[in-house]
Amino acid sequence: MSDSRPKDEAQQDEEEDVVADVIGEFGSWQLRLTFLLAMFNIPSTWHIMAYTFQSLERPFWCARYDSIRDFVTPDMWRNVSQPGNSSCEIWSDLNETLFTSGTPWPPTGMPVSETSRPCTQWEYDERNGTTLVAEWNLVCDRAVLVNVAEMTFLTGVAIGGLVSGMISDKFGRKRTLLISVFAQIVFGTVISFNPWFELFLVIRFFLGFVSVSVVFSAFVLCMELVGGKWRTISGVSYLFPVPLGYITVAGIAYVVREWRILQLTVTLPAITLLAAIWVIPESPRWLLAMRKQDRLMEVLKRAAASNKLPIPNDPEKILAKAPPQEKGNEGVGVATLFKTAQIRKISLILYVVWFALYMVYYGLVLNLSSIGDDIYLNTAISGFVEIPAIAISMLLLLKSGRKWPLCIVTASSGVFCLLVIAVPADAPSWVVVTLAMAAKFAISCSNAILPIFTAELFPTVVRNLGVGSSNVAAGIALMIVPYLWNLSMVYDKLPFVVMGVLGVVGGLCVLLLPETAGRPMPNTVEDLDRRGDNAKNNAPVIRSSAKKTVKIASIRPPSYRKKSDSEYY
């Protein structure tokens, strides 16, 4: 992509990227590590999706008396014990003495009354495998706990997305990543052997927390190894293993039908990633920011040698070219995000768009069992459609800007969801599946574009805080998603209506935001306001006289998923 900025501005950015000056923007060293770090997405994606298969509902009925199991089949039992189609109640007059081996069927004298009583025990059809629903009787009055278990995991994801950035900034990207992977393996393994549902909920929360920490830490490290336009390419390419995770977990779950074994199967392969401790370096930009000279030079020498560039030998010269250590921005806080009309508008609109994105994306991904007949096939298809979506997003970011592409793909996801309303009830299931996958394709594009756009919109002084606060809106959506499909009890297509409206509204809201592609990023709230005033007057953008802090922004906490590094192109 050609640099559309003035020559002196592009040159300034290049000079300020001290690390890229030494090791290059992208070479064989970065290529190998980008590929390796992207692989950390797969176990986390497996953990997100595995619960969909582990909590599948199997046919169930009130349990037979132990004394009649040998001569009364489940079908015979259901015919005489269940009031109508209810699997949660049996006739009140039913008792064990009515059933004896060799008596006519059905037994005479039952039921005497037409009253029923709730079941206290159940049996399940486990010919297609065991699920945690059957093991812990999450049916009837306890069915709500299925969504609670999903919500605890996603709550962990939401909180972990905010906290992992602070942890990574304090202790380093590599250390945070490897500790999170180790914790992910431990929690996943403990779940496989845990006998109590209450403990399952607690562990699921922490599993969600560390899983998102793995993804974010690996992503930030990936972005801080490259420079220039390669941040966009590397950042979007990092997402490619996510759909691969969908495809593979569908195949694994199809073969492994026992939920505990499935949990182990998606957990233990991450052990191989721990070997990366010998290959993955600490982020050179983090080391530079922390002034860890010896470790920084070790990484730079290794990278330069791999990329066949001159090996640096003067650490003082490198440190002298680096920006001063960040001392914080006095007076900057959450209130700054609402200080002026311009930044207030950007903040509120982005909260709406992030909320809509997560509701539609995860509303589709985590509820594939409610769409169509074959959850295994649907999950695999959802992965296949996301691969080209990510590739197209990369091209759009490099060639077409952010605002209009994001508007179109987000609104399109909503339109496809709304089209489901027009599908007749007797239509083949593939019609709804096709529309749902079209929506998934569109919202996957949004998922790749929005983080970059968000980081570019906020000024440097509040970029970290701004994107982190956007993640709060996304986190709220995550906690609501498990209950979205409960709306189908009111109207079977109501979940699609909600996702459709949110998608369209979110897409249209994007039009209220300024374009950022090819423009210098604002450093202060005043820069942002000045730019907004210039846009209203159709005047050219005036660059702030303040010293640009590109380098500092490149090492900020990953609570905004580190997409702000797109400022380098």
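The backbone N, Cα and C atoms fix where each Cβ goes, and this holds for glycine too.
TrEMBL annotations:
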- 97-518: domain 'Major facilitator superfamily (MFS) profile' (DOMAIN)
- 144-165: transmembrane segment (TRANSMEM)
- 177-197: transmembrane segment (TRANSMEM)
- 203-226: transmembrane segment (TRANSMEM)
- 238-255: transmembrane segment (TRANSMEM)
- 261-281: transmembrane segment (TRANSMEM)
- 348-369: transmembrane segment (TRANSMEM)
- 375-397: transmembrane segment (TRANSMEM)
- 404-423: transmembrane segment (TRANSMEM)
- 429-453: transmembrane segment (TRANSMEM)
- 465-484: transmembrane segment (TRANSMEM)
- 496-513: transmembrane segment (TRANSMEM)
_Maximum Cβ pairs under 8 Å to the transmembrane segment (144-165) - stretch from the list 177-197, 203-226, 404-423, 429-453_ = 203-226
*Using a Cβ-Cβ cut-off of under 8 Å, list the residues of the same chain that are 6+ residues beyond the ends of the transmembrane segment (496-513) and lie near it.*
345-346, 349-350, 352-353, 355-357, 359-360, 363-364, 403, 406-418, 420-421, 436, 439, 442-443, 453, 457, 484, 487
*Count the CB pairs under 8 A between the transmembrane segment (465-484) and each of 177-197, 238-255, 348-369, 375-397, 404-423, then give me the winner.*
348-369
*State the mean pLDDT for the domain 'Major facilitator superfamily (MFS) profile' (97-518).*
86
_Any contact between the transmembrane segment (429-453) and the transmembrane segment (203-226)? By contact I mean 3+ C-beta pairs closer than 8 Å, pairs at least 6 apart along the chain._
no
_Suppose I define contact as three or more CB-CB distances under 8 A, residues 6 or more apart in sequence; do the transmembrane segment (261-281) and the transmembrane segment (404-423) meet it?_
no
*Do any residues of this chain, six or more beyond the ends of the transmembrane segment (238-255), have a C-beta under 8 angstroms from a C-beta of it, and if so which?*
34, 37-39, 41-46, 49-50, 53, 218-219, 222-223, 262, 265-266, 365, 376-377, 379-380, 382-387, 390, 444, 447-448
*Stretch among 177-197, 203-226, 348-369 sharing the most Cβ pairs under 8 Å with the transmembrane segment (375-397)*: 348-369
*What parts of the chain pack near the transmembrane segment (177-197), using Cβ distances under 8 Å and only residues at least 6 beyond its ends?*
40, 43-44, 47, 132, 136, 138, 145, 149, 164, 203-204, 206-207, 210-211, 213-214, 217-218, 221, 260-261, 263-264, 266-268, 270-271, 273-274, 276-277, 280
